[in-house]
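Listed in Swiss-Prot for this protein:
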| type | residues | note |
| --- | --- | --- |
| ACT_SITE | E105 | active site, proton acceptor |
| DOMAIN | 111-350 | domain 'Radical SAM core' |
| DISULFID | C118-C355 | disulfide bond |
| BINDING | C125, C129, C132 | [4Fe-4S] cluster binding site |
| BINDING | G179, E180, S211, S233, L234, H235, N312 | S-adenosyl-L-methionine binding site |
| ACT_SITE | C355 | active site, S-methylcysteine intermediate |
Amino acid sequence: MSEQLVTPENVTTKDGKINLLDLNRQQMREFFKDLGEKPFRADQVMKWMYHYCCDNFDEMTDINKVLRGKLKEVAEIRAPEVVEEQRSSDGTIKWAIAVGDQRVETVYIPEDDRATLCVSSQVGCALECKFCSTAQQGFNRNLRVSEIIGQVWRAAKIVGAAKVTGQRPITNVVMMGMGEPLLNLNNVVPAMEIMLDDFGFGLSKRRVTLSTSGVVPALDKLGDMIDVALAISLHAPNDEIRDEIVPINKKYNIETFLAAVRCYLEKSNANQGRVTIEYVMLDHVNDGTEHAHQLAELLKDTPCKINLIPWNPFPGAPYGRSSNSRIDRFSKVLMSYGFTTIVRKTRGDDIDAACGQLAGDVIDRTKRTLRKRMQGEAIDIKAV
(Lines of atoms letter the chains of each structure in order from A and count residues from 1; the text may use other names and numbers.)
(Lines give C-alpha, C1' and ligand atoms only; values in the text may rest on other atoms or scores of the structure.)
Protein backbone atom coordinates (compact mmCIF):
# COMPACT_ATOMS: atom_id res chain seq x y z
CA MET A 1 0.00 0.00 0.00
CA SER A 2 3.02 2.31 0.08
CA GLU A 3 2.05 3.97 -3.20
CA GLN A 4 -1.18 5.20 -1.59
CA LEU A 5 0.28 6.33 1.71
CA VAL A 6 0.44 9.99 2.66
CA THR A 7 2.53 10.45 5.80
CA PRO A 8 2.74 13.43 8.18
CA GLU A 9 6.27 14.05 6.89
CA ASN A 10 4.89 14.95 3.46
CA VAL A 11 2.35 17.66 4.16
CA THR A 12 2.95 20.39 1.63
CA THR A 13 -0.02 21.41 -0.48
CA LYS A 14 -0.01 21.93 -4.24
CA ASP A 15 1.01 25.57 -3.82
CA GLY A 16 3.97 24.59 -1.63
CA LYS A 17 2.45 25.59 1.71
CA ILE A 18 2.21 23.47 4.84
CA ASN A 19 -1.34 22.58 5.88
CA LEU A 20 -1.16 22.98 9.65
CA LEU A 21 -4.03 20.51 10.07
CA ASP A 22 -1.54 17.81 9.06
CA LEU A 23 0.64 18.44 12.13
CA ASN A 24 0.26 17.14 15.66
CA ARG A 25 1.62 19.29 18.49
CA GLN A 26 5.16 17.90 18.36
CA GLN A 27 5.32 18.47 14.61
CA MET A 28 3.77 21.91 14.98
CA ARG A 29 6.44 22.92 17.48
CA GLU A 30 9.18 21.68 15.14
CA PHE A 31 7.62 23.71 12.33
CA PHE A 32 7.63 26.88 14.45
CA LYS A 33 11.19 26.17 15.58
CA ASP A 34 12.21 26.07 11.92
CA LEU A 35 10.58 29.50 11.56
CA GLY A 36 12.76 30.78 14.41
CA GLU A 37 9.83 30.95 16.84
CA LYS A 38 9.35 29.71 20.41
CA PRO A 39 7.33 26.50 20.97
CA PHE A 40 4.53 28.35 22.79
CA ARG A 41 3.64 30.06 19.51
CA ALA A 42 2.69 26.66 18.11
CA ASP A 43 0.42 26.10 21.12
CA GLN A 44 -1.23 29.49 20.58
CA VAL A 45 -1.96 28.75 16.93
CA MET A 46 -3.27 25.26 17.73
CA LYS A 47 -5.64 26.76 20.29
CA TRP A 48 -7.03 29.13 17.65
CA MET A 49 -7.32 26.30 15.14
CA TYR A 50 -9.12 23.79 17.32
CA HIS A 51 -10.75 25.66 20.20
CA TYR A 52 -12.21 28.34 17.93
CA CYS A 53 -12.15 26.54 14.55
CA CYS A 54 -10.21 29.47 13.14
CA ASP A 55 -8.59 29.11 9.72
CA ASN A 56 -7.61 32.76 9.23
CA PHE A 57 -4.24 33.87 10.63
CA ASP A 58 -5.38 37.51 10.66
CA GLU A 59 -8.01 36.64 13.28
CA MET A 60 -5.40 35.28 15.71
CA THR A 61 -5.14 38.48 17.69
CA ASP A 62 -2.53 37.33 20.23
CA ILE A 63 -0.09 36.50 17.42
CA ASN A 64 2.06 39.45 16.32
CA LYS A 65 1.61 40.81 12.81
CA VAL A 66 5.09 39.84 11.67
CA LEU A 67 4.51 36.18 12.53
CA ARG A 68 1.04 36.26 11.02
CA GLY A 69 2.54 37.55 7.80
CA LYS A 70 5.21 34.87 7.86
CA LEU A 71 2.59 32.16 8.41
CA LYS A 72 0.50 33.36 5.49
CA GLU A 73 3.52 32.96 3.23
CA VAL A 74 4.40 29.38 4.17
CA ALA A 75 1.32 27.79 5.74
CA GLU A 76 -2.44 27.46 5.60
CA ILE A 77 -5.27 25.87 7.56
CA ARG A 78 -7.38 24.01 5.02
CA ALA A 79 -10.04 21.53 6.10
CA PRO A 80 -11.93 19.49 3.51
CA GLU A 81 -15.21 21.07 2.44
CA VAL A 82 -18.73 19.77 3.01
CA VAL A 83 -20.37 19.33 -0.38
CA GLU A 84 -23.67 17.83 0.76
CA GLU A 85 -25.64 17.65 3.99
CA GLN A 86 -28.52 15.33 4.86
CA ARG A 87 -30.56 15.50 8.06
CA SER A 88 -32.41 12.56 9.52
CA SER A 89 -35.75 12.74 11.27
CA ASP A 90 -33.97 11.59 14.46
CA GLY A 91 -31.50 14.51 14.42
CA THR A 92 -28.58 12.65 12.86
CA ILE A 93 -26.65 14.65 10.25
CA LYS A 94 -24.58 13.13 7.44
CA TRP A 95 -22.02 15.23 5.62
CA ALA A 96 -20.44 14.27 2.31
CA ILE A 97 -16.94 15.73 2.44
CA ALA A 98 -14.78 16.34 -0.62
CA VAL A 99 -11.29 14.83 -0.52
CA GLY A 100 -9.75 15.62 -3.87
CA ASP A 101 -12.10 14.45 -6.60
CA GLN A 102 -13.88 11.98 -4.29
CA ARG A 103 -16.07 12.01 -1.21
CA VAL A 104 -16.08 10.44 2.20
CA GLU A 105 -18.91 10.58 4.70
CA THR A 106 -18.99 11.85 8.27
CA VAL A 107 -21.94 11.40 10.62
CA TYR A 108 -22.99 13.53 13.61
CA ILE A 109 -25.19 11.67 16.11
CA PRO A 110 -26.71 13.80 18.89
CA GLU A 111 -28.09 12.21 22.05
CA ASP A 112 -29.49 13.55 25.29
CA ASP A 113 -26.18 13.95 27.11
CA ARG A 114 -23.60 13.79 24.32
CA ALA A 115 -22.95 14.01 20.60
CA THR A 116 -20.84 11.49 18.72
CA LEU A 117 -19.02 12.08 15.44
CA CYS A 118 -18.35 9.07 13.22
CA VAL A 119 -15.19 9.73 11.19
CA SER A 120 -13.78 8.06 8.05
CA SER A 121 -10.13 6.98 7.73
CA GLN A 122 -9.91 5.88 4.09
CA VAL A 123 -11.53 6.56 0.73
CA GLY A 124 -13.37 3.26 0.46
CA CYS A 125 -12.17 0.02 2.04
CA ALA A 126 -10.31 -3.04 0.79
CA LEU A 127 -11.43 -5.56 3.42
CA GLU A 128 -14.62 -6.57 1.58
CA CYS A 129 -16.82 -7.30 4.59
CA LYS A 130 -19.91 -8.67 2.90
CA PHE A 131 -22.51 -6.82 4.97
CA CYS A 132 -20.95 -3.34 4.63
CA SER A 133 -21.83 -0.81 1.94
CA THR A 134 -18.43 0.89 2.09
CA ALA A 135 -16.69 -2.36 1.17
CA GLN A 136 -18.74 -2.62 -2.01
CA GLN A 137 -17.28 0.68 -3.24
CA GLY A 138 -13.73 -0.67 -3.42
CA PHE A 139 -10.65 1.14 -2.15
CA ASN A 140 -8.85 4.21 -3.45
CA ARG A 141 -6.45 5.63 -0.87
CA ASN A 142 -5.69 6.49 2.72
CA LEU A 143 -6.85 9.82 4.09
CA ARG A 144 -4.08 12.13 5.28
CA VAL A 145 -4.08 13.65 8.76
CA SER A 146 -5.71 16.90 7.64
CA GLU A 147 -8.51 14.96 5.95
CA ILE A 148 -9.21 12.96 9.11
CA ILE A 149 -8.93 15.69 11.75
CA GLY A 150 -10.48 18.03 9.18
CA GLN A 151 -13.74 16.08 9.44
CA VAL A 152 -13.83 16.83 13.17
CA TRP A 153 -12.80 20.46 12.56
CA ARG A 154 -15.48 20.97 9.92
CA ALA A 155 -18.19 19.33 12.03
CA ALA A 156 -17.21 21.34 15.11
CA LYS A 157 -17.35 24.56 13.09
CA ILE A 158 -20.80 23.73 11.71
CA VAL A 159 -22.22 22.65 15.07
CA GLY A 160 -20.61 25.58 16.87
CA ALA A 161 -22.18 28.03 14.45
CA ALA A 162 -25.61 26.47 14.96
CA LYS A 163 -25.90 26.57 18.75
CA VAL A 164 -29.25 28.30 18.51
CA THR A 165 -30.70 25.07 17.11
CA GLY A 166 -29.84 23.18 20.27
CA GLN A 167 -27.21 20.97 18.64
CA ARG A 168 -24.68 19.67 21.14
CA PRO A 169 -20.92 20.10 20.84
CA ILE A 170 -18.95 17.00 19.88
CA THR A 171 -18.18 14.96 23.00
CA ASN A 172 -17.15 11.65 21.41
CA VAL A 173 -15.35 10.60 18.22
CA VAL A 174 -15.54 7.10 16.79
CA MET A 175 -13.26 5.92 14.01
CA MET A 176 -16.07 3.84 12.53
CA GLY A 177 -16.70 5.58 9.23
CA MET A 178 -15.38 4.54 5.84
CA GLY A 179 -12.22 2.44 5.87
CA GLU A 180 -10.14 0.29 8.22
CA PRO A 181 -8.27 2.64 10.58
CA LEU A 182 -5.47 0.18 11.31
CA LEU A 183 -4.53 0.15 7.63
CA ASN A 184 -3.80 3.88 7.91
CA LEU A 185 -1.95 4.09 11.22
CA ASN A 186 0.56 6.71 10.06
CA ASN A 187 -2.25 9.22 9.59
CA VAL A 188 -4.92 7.98 12.01
CA VAL A 189 -2.67 8.09 15.09
CA PRO A 190 -1.53 11.74 14.64
CA ALA A 191 -5.16 12.71 13.99
CA MET A 192 -6.26 11.02 17.21
CA GLU A 193 -3.38 12.71 19.06
CA ILE A 194 -4.88 16.05 18.01
CA MET A 195 -8.31 14.92 19.19
CA LEU A 196 -6.83 14.17 22.64
CA ASP A 197 -4.46 17.15 22.88
CA ASP A 198 -5.49 19.94 25.26
CA PHE A 199 -4.51 22.42 22.55
CA GLY A 200 -6.47 20.34 20.04
CA PHE A 201 -10.02 19.18 20.72
CA GLY A 202 -9.16 18.07 24.27
CA LEU A 203 -11.26 14.90 24.29
CA SER A 204 -10.79 12.24 26.93
CA LYS A 205 -9.06 9.09 25.67
CA ARG A 206 -12.15 7.19 26.79
CA ARG A 207 -14.20 9.26 24.37
CA VAL A 208 -12.13 8.52 21.27
CA THR A 209 -12.81 5.03 19.95
CA LEU A 210 -11.03 3.13 17.19
CA SER A 211 -12.88 0.23 15.59
CA THR A 212 -11.05 -2.52 13.72
CA SER A 213 -11.97 -5.66 11.80
CA GLY A 214 -8.80 -7.40 12.93
CA VAL A 215 -5.54 -6.25 11.34
CA VAL A 216 -3.58 -7.97 14.09
CA PRO A 217 -0.01 -6.72 13.42
CA ALA A 218 -1.26 -3.13 13.35
CA LEU A 219 -3.27 -3.67 16.54
CA ASP A 220 -0.10 -4.90 18.24
CA LYS A 221 1.62 -1.70 17.10
CA LEU A 222 -1.27 0.59 18.10
CA GLY A 223 -0.86 -0.17 21.78
CA ASP A 224 2.66 1.24 21.71
CA MET A 225 1.59 4.40 19.86
CA ILE A 226 -1.53 5.72 21.57
CA ASP A 227 -4.13 4.84 24.20
CA VAL A 228 -7.73 5.13 23.02
CA ALA A 229 -10.87 3.10 23.50
CA LEU A 230 -11.05 -0.01 21.32
CA ALA A 231 -14.02 -1.61 19.60
CA ILE A 232 -13.70 -4.74 17.49
CA SER A 233 -15.89 -5.74 14.58
CA LEU A 234 -16.34 -9.41 15.44
CA HIS A 235 -19.74 -10.23 13.90
CA ALA A 236 -19.43 -14.01 14.18
CA PRO A 237 -19.13 -16.66 16.92
CA ASN A 238 -16.81 -18.95 14.93
CA ASP A 239 -14.24 -18.89 12.15
CA GLU A 240 -16.48 -20.61 9.62
CA ILE A 241 -19.01 -17.77 9.60
CA ARG A 242 -16.42 -15.02 10.02
CA ASP A 243 -14.33 -16.32 7.11
CA GLU A 244 -17.38 -15.75 4.92
CA ILE A 245 -18.57 -12.34 6.10
CA VAL A 246 -15.24 -10.78 7.26
CA PRO A 247 -12.63 -12.17 4.83
CA ILE A 248 -9.57 -10.86 6.70
CA ASN A 249 -10.38 -13.59 9.23
CA LYS A 250 -8.82 -16.09 6.81
CA LYS A 251 -5.44 -14.63 7.72
CA TYR A 252 -6.00 -13.47 11.30
CA ASN A 253 -8.55 -15.83 12.82
CA ILE A 254 -10.70 -15.13 15.84
CA GLU A 255 -8.31 -16.72 18.34
CA THR A 256 -5.40 -14.64 17.03
CA PHE A 257 -7.53 -11.49 16.96
CA LEU A 258 -8.81 -11.87 20.53
CA ALA A 259 -5.31 -12.62 21.82
CA ALA A 260 -4.14 -9.32 20.32
CA VAL A 261 -7.14 -7.56 21.87
CA ARG A 262 -6.27 -8.89 25.32
CA CYS A 263 -2.69 -7.68 24.88
CA TYR A 264 -3.97 -4.21 23.97
CA LEU A 265 -6.20 -4.16 27.05
CA GLU A 266 -3.17 -4.87 29.24
CA LYS A 267 -1.51 -1.71 27.90
CA SER A 268 -4.60 0.51 27.81
CA ASN A 269 -6.21 2.67 30.47
CA ALA A 270 -8.79 4.12 28.11
CA ASN A 271 -10.78 0.88 27.94
CA GLN A 272 -11.14 0.47 31.71
CA GLY A 273 -10.21 -3.17 31.30
CA ARG A 274 -12.70 -4.23 28.66
CA VAL A 275 -13.25 -4.00 24.93
CA THR A 276 -16.45 -3.28 23.02
CA ILE A 277 -17.56 -6.16 20.81
CA GLU A 278 -19.54 -5.13 17.72
CA TYR A 279 -21.82 -7.82 16.37
CA VAL A 280 -24.06 -7.11 13.39
CA MET A 281 -27.22 -9.22 13.38
CA LEU A 282 -27.78 -11.01 10.05
CA ASP A 283 -31.01 -12.96 9.70
CA HIS A 284 -30.39 -16.72 9.98
CA VAL A 285 -26.67 -16.24 9.40
CA ASN A 286 -25.24 -15.44 12.84
CA ASP A 287 -28.29 -14.63 14.97
CA GLY A 288 -29.52 -17.97 16.32
CA THR A 289 -29.51 -18.88 20.00
CA GLU A 290 -26.88 -21.51 19.22
CA HIS A 291 -24.69 -18.69 17.90
CA ALA A 292 -25.26 -16.73 21.11
CA HIS A 293 -24.10 -19.68 23.21
CA GLN A 294 -21.02 -20.06 20.97
CA LEU A 295 -20.26 -16.35 21.30
CA ALA A 296 -20.52 -16.48 25.08
CA GLU A 297 -18.09 -19.40 25.19
CA LEU A 298 -15.75 -17.62 22.77
CA LEU A 299 -15.60 -14.45 24.86
CA LYS A 300 -15.39 -15.99 28.33
CA ASP A 301 -11.73 -14.96 28.70
CA THR A 302 -12.06 -11.52 27.08
CA PRO A 303 -13.43 -8.74 29.33
CA CYS A 304 -16.00 -6.98 27.17
CA LYS A 305 -19.36 -5.46 26.61
CA ILE A 306 -21.33 -6.51 23.56
CA ASN A 307 -23.15 -4.22 21.15
CA LEU A 308 -25.70 -6.02 19.00
CA ILE A 309 -26.24 -4.04 15.81
CA PRO A 310 -29.39 -4.52 13.73
CA TRP A 311 -28.12 -4.81 10.16
CA ASN A 312 -28.83 -1.82 7.94
CA PRO A 313 -29.64 -2.88 4.36
CA PHE A 314 -28.21 -1.43 1.16
CA PRO A 315 -28.98 -2.21 -2.51
CA GLY A 316 -27.74 -5.57 -3.73
CA ALA A 317 -26.82 -6.93 -0.30
CA PRO A 318 -27.37 -10.70 0.11
CA TYR A 319 -28.60 -10.53 3.70
CA GLY A 320 -31.73 -9.80 5.66
CA ARG A 321 -32.18 -7.93 8.91
CA SER A 322 -32.75 -10.03 12.01
CA SER A 323 -36.20 -9.73 13.51
CA ASN A 324 -36.60 -8.01 16.85
CA SER A 325 -37.60 -11.31 18.42
CA ARG A 326 -34.42 -13.06 17.24
CA ILE A 327 -32.29 -10.17 18.48
CA ASP A 328 -34.10 -10.24 21.83
CA ARG A 329 -33.55 -13.99 22.27
CA PHE A 330 -29.88 -13.62 21.31
CA SER A 331 -29.43 -10.80 23.81
CA LYS A 332 -31.06 -12.75 26.64
CA VAL A 333 -28.73 -15.70 26.10
CA LEU A 334 -25.68 -13.45 26.38
CA MET A 335 -27.03 -11.72 29.49
CA SER A 336 -27.65 -15.12 31.10
CA TYR A 337 -23.87 -15.61 30.94
CA GLY A 338 -23.33 -12.27 32.67
CA PHE A 339 -22.30 -10.19 29.64
CA THR A 340 -23.29 -6.54 29.47
CA THR A 341 -25.29 -6.55 26.24
CA ILE A 342 -26.74 -3.56 24.44
CA VAL A 343 -28.90 -3.53 21.32
CA ARG A 344 -27.72 -0.49 19.43
CA LYS A 345 -30.45 1.94 18.46
CA THR A 346 -30.39 2.52 14.71
CA ARG A 347 -29.74 6.17 13.91
CA GLY A 348 -29.86 7.94 10.56
CA ASP A 349 -31.00 4.99 8.47
CA ASP A 350 -33.44 7.19 6.56
CA ILE A 351 -30.44 9.07 5.10
CA ASP A 352 -28.17 6.00 4.75
CA ALA A 353 -26.05 7.20 7.67
CA ALA A 354 -26.46 4.14 9.88
CA CYS A 355 -23.79 1.56 10.66
CA GLY A 356 -22.59 -0.16 7.48
CA GLN A 357 -24.40 2.20 5.11
CA LEU A 358 -21.68 4.79 4.40
CA ALA A 359 -20.56 4.74 0.78
CA GLY A 360 -19.25 8.14 -0.29
CA ASP A 361 -17.99 8.53 -3.85
CA VAL A 362 -15.00 6.29 -4.48
CA ILE A 363 -12.90 5.69 -7.57
CA ASP A 364 -11.92 2.06 -6.99
CA ARG A 365 -8.19 1.61 -7.49
CA THR A 366 -7.92 -1.58 -5.48
CA LYS A 367 -5.99 -4.11 -7.47
CA ARG A 368 -7.14 -7.71 -7.31
CA THR A 369 -3.76 -8.76 -5.91
CA LEU A 370 -3.92 -6.07 -3.23
CA ARG A 371 -7.31 -7.25 -2.00
CA LYS A 372 -6.02 -10.82 -1.87
CA ARG A 373 -2.92 -9.67 0.00
CA MET A 374 -4.93 -7.73 2.57
CA GLN A 375 -7.29 -10.66 3.17
CA GLY A 376 -5.02 -13.66 3.00
CA GLU A 377 -1.36 -12.73 3.29
CA ALA A 378 0.87 -10.95 5.78
CA ILE A 379 0.49 -7.18 5.92
CA ASP A 380 3.68 -5.11 6.06
CA ILE A 381 3.13 -2.64 8.88
CA LYS A 382 5.73 -0.30 7.41
CA ALA A 383 3.38 0.10 4.46
CA VAL A 384 0.27 0.54 6.58
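Using the three backbone atoms N, Cα and C, a Cβ is placed for every residue, glycine included.
A simple Cβ count within 10 Å picks out one of the recorded positions E105, E180 as the most packed, and that one is E180. Residue with the densest Cβ environment among the binding-site residues S233, N312: S233, by other Cβ atoms within 10 Å. The two recorded residues, C118 (disulfide bond) and S233 (S-adenosyl-L-methionine binding site), show a Cα separation of 15 Å. Annotated pair C125 ([4Fe-4S] cluster binding site) and L234 (S-adenosyl-L-methionine binding site), C-alpha to C-alpha distance, rounded: 17 Å.
Across G179, E180, S211, S233, L234, H235, N312, which the record gives as binding S-adenosyl-L-methionine, the greatest C-alpha separation is 19 Å. It is C129, among the binding-site residues C129, L234, whose Cβ has the fewest other Cβ atoms within 10 Å in the structure shown. When the alpha carbons of H235 (S-adenosyl-L-methionine binding site) and C129 ([4Fe-4S] cluster binding site) are compared, the span between them is 10 angstrom.
Separating the Cα atoms of C132 ([4Fe-4S] cluster binding site) and N312 (S-adenosyl-L-methionine binding site) is a whole-number distance of 9 Å.
The distance from the Cα of L234 (S-adenosyl-L-methionine binding site) to the Cα of C129 ([4Fe-4S] cluster binding site) comes to 11 Å.
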